[in-house]
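Annotation comment: TrEMBL describes A:1-19 as signal peptide. Marked as transmembrane segment by TrEMBL: A:361-379, A:408-426, A:487-507, A:538-558, A:570-598, A:610-627.
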Amino acid sequence: MRFVLILLAVVLAPLSVHAQGTPAAQILSENRALVERASRQTIGPVIEALAASGDPAAVTILDAWANRGLGLRAADGAFFLIAPAEGGWALTDLDGAPAGTAARAEIDQLRPNSGVRGLIATALVRFQLADPDPARRSAAMESIARDPSAEHLEPLRAALAQTPDPALARLERLLTLRFGATPEERVAAIDSFGADLGLDLRAALNPLVATRRLAIRGEAENLNIARNLVPGRDLTREEAYDLLVAQGDAPARLTLQAQRETLVGQIRDGQAAGIPVADLDSQEARDRAYTALEAQGAVPAAATEDEVTAALEAHRFAEVYAEPDRAVTEAASAALTRIGRTVGLMQAADLALDAASLASIYFLAAIGLAITFGVMRVINMAHGEFIMMGAYTGYVTQLWIADYTISILVALPLAFAVTFAAGVAMERLVIRHLYRRPLETLLATFGISIALQQLAKNIFGTQARPLTAPAWLDGALSFNDVVSISYIRIAIFVLALIFLGVFLIIMKRTRLGLEVRAVTQNPSMAASMGINPDRINMLTFGLGSGIAGVAGVAIGLFAKVTSELGQDYIVQSFMTVVVGGVGNIWGTLAGAAMIGGAQKGIEWLNPSNTLAAQTYMILLIIIFIQFRPRGIIALKGRAAGD
Amino acid sequence: MRQGFLSRNPSVLVFLLILALFTLGVTLLSHAYGSAFLSTSFIKTLGKTLCLCLVALAMDLVWGYAGILSLGHMAFFALGGYMIGMWLMYARTEEIVVQALANAPLPATPQEISNGVASQIFGVVGGAELPAVWTFAHSLPLQLALVVLVPGLLALAFGWLAFRSRVTGVYLSILTQAMTLALALHLFQNDSGLRGNNGLSGLQNIPGLGGVSQDRLSVWFFWASAAALALGYLLAAWLVSGKFGSVLRAIRDDEQRVRFLGYSVEGYKLFIFTFTAVVAAVAGALYYPQAGIINPAELAPIASIYLAVWVAIGGRGRLYGAVIGAAFVSLLSTWFTGGRAPDVNLGFATIQWVDWWQILLGLAFVLVTLLAPQGIGGLFDWAAGLRHPARRGAPLGPAEGALQEREATE
């Protein structure tokens, strides 16, 4: 078989020489020497001619060339598309007809350097832009957007004429506003965007309004000045003088470092300028010594204050646009202002979303507390540990059930059951005996909290355990480049709403809720009506603890599950309940909204520092309690207890 | 005839005597002045324990006597440590910088020295300038004044705000805990001016005493701590033995009634809160030079909770109870967490006390709260044959004569 192929190749060889007659092949063979030793400086016209030849094979040829798939037969100087084959190269003619095989030695493989490859890639872009395959088109557009240059504009417009693609049109306008031929064209391109929020637009506009500071002597021409700077008002005298020094228009000032080095160099017999070295331990003494040396002419005179003033007065200072055209810079800065305003609005919306999400987390963490503390007036400092228990229950469930969706669905009721049981046990063993002594309850539950935390550390170790959210909760819902919110946060928001609903239904629509409210208001009267207060207290405490466990699963989805998980939320949770107003679920909601909103607001004012935000948040709460000691929604009358 | 203060309070004399004997004993067993039976690090531990006893004393005054469960006193303690730590660190670094610059061809200017100190201290958090809070760090007397003033004024401002708006009971506890948390979070920031979570270190090197060995220094600090504890105990005993103490106890048992009797409850509470904050700060200022390092973790709310645990286990409402509780629990804690306690082999599992000590402590605390509100101090009553009348139900306060549950209900 191979023999036949070789025979065929031999017979067809003369034919293939004829095939070199396509336009692309002609260009290549005419510039054979250039192509063989291609360099970035010289090869440009050849590539351009190839691309413009209109030959349908030109794309294939250029592509093959860039990928080392173009070869030159040493014998007759004919070009082939080559591919590695057994024992050598499989040859294909430039017009696409197979041309047999050849031994490795017969063919010179062309290996263009990276510069040449870059030129070829630029030439190829116009073909890719017109490619019917949208995937290849968008790949080409991406490569242009990554590294835009003036050369891309022409092919882009040509491609746009063929295929009216909105993404292509947007890219064309983005390039026009930077590289367009006339200012009018560019201004029109800028204005066409309006207050578009795209990051690519801002990336294109920002270089247009980039400025640098210049010190100008005399009249300045051809400078697009953004604004004039007055030393002492817009910039300090030091900055202005440093600018002069940097531009080489003024001698450098004497720094303390240079002064010290000069003085060290002038020490003679333990004295510098006649002053004993031991006395040079203050700045005044050193200045005196330096002035004395200047008077002797031993050191170059440093710029005095008068000289600095004169130099500053001789110059004008201005911020100058790098972009020379005034109309373009004006249009660009107007567009940026417009965009800035819209972005500000969007950021406010984003902030509101963030605040709502944080508020729902606080609400979730606090709602169990709103029951145990708000309804029963029992301080449970181990509440945070119940949240932690819920999160660990979720983790253990995931160890047993691999499917994340099912395991979360199993974990939620399981966490409720576990923490409900823990809460009931705690109520029976400890809290029941301390109902009349709230401070002691606080202490005893602290003891339990310490023990539970250490127990979790002993069982699960100190490192964070993963509680993975199901895949459908990954990602974020984004409205545009500024406003977005992750699905997990939406899920937590929804969960918080569900909890609110469940709480309201239990308290207002069930027998249990009725009895709980009765026991809260007057235990002995409730008891004489046939309600067992002990049982109700136990159930209420269990309910509050169980809700904390479910909240723990939710919180574990986005926070690290460690034994300190609960501790991070306990103070905030108490704050939420206290700020909102004890004994009222709407108060807890209001408290969570206020704390979440305020914390996000403070973070917005000082974005780099969430620690500071938390600090100020707590201070704010302490001050707030001064004005409304009973919280936002205060109970009135007999229900208030006193 | 009016009796003298000591004859009315014989327990003070006993306490001082025991403390003196203890100090003498430790000195005679120390490396520097005696038989070298106790290691220097153990003497430091004992000295630190005395400081903890002092802060427990303060906690007992404010909680056991006035009924204010403050979860902020360890914050005042740490603040005192920070204040003295600033001087220690500044002065010590200045010594080092001056020494380094002494080899330069020109003698250093004051500006160069302070620049050198600032970059030495703040290089670790990427700063090169002394923040404004370090303005007085060069001077020992000023910084010593700040040890008292900063926590004192903070307690005064916080207490005034809290007591004025009648925040009491558990609300006050949570509020003080929030204050502690805010302070800790603030200090955790690198730009708080106190080196963020690196804290202040090298505090065991006392400037100007470079030639004195740590063996001697540890004993000196032990003496100072013992003296401070003795002084604090005398002051506290004097405070609570008079009319002032009676009003405090009355506020604890029924604040409303005291207010209706015409006393300025807020004034009393504010005074005792601020006074104990200052005592805590002084204890901290003695503690941290022995510990050698202070960082914001020392302010964590859990530290103040442990303080309450010590006082509760020792016995609230009696001064010696607080001291015993702090000494007993903190030394036991050092012993257990230091890995020196033998493991318990249960056959199926081995209990390592490093891991299980906190659980034991937590549960012990719950049991003490539930079953023995008198704490260890109750043992003394038992030994003295004191019996409380059986009034059914647990007492609401820790002291004898506190209202009982049944009585309070009706």
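Glycine too: its Cβ is placed from the backbone N, Cα and C atoms.
Quick caveat, the model's predicted, so the values are computed rather than measured.
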- Interface-richest range of A:408-426, A:487-507, A:570-598, A:610-627 toward the transmembrane segment (A:361-379), CB pairs under 8 Å: A:570-598
- Item | Most Cβ pairs under 8 Å with the transmembrane segment (A:570-598), selected from A:408-426, A:487-507, A:538-558, A:610-627 | A:610-627
- Sequence-remote contacts (6 or more beyond its ends) of the transmembrane segment (A:408-426), Cβ cut-off under 8 Å? 380, 382, 386, 389-390, 393-394, 397-398, 401, 445, 448, 469-470, 538-539, 541-550, 552-553, 557
- Same chain, outside the transmembrane segment (A:487-507) by at least 6, Cβ under 8 Å from its Cβ: which residues? 356-357, 360-361, 363-364, 367, 370-371, 469, 472-477, 513, 516-517, 543, 547, 550-551, 554, 557-558, 585, 589
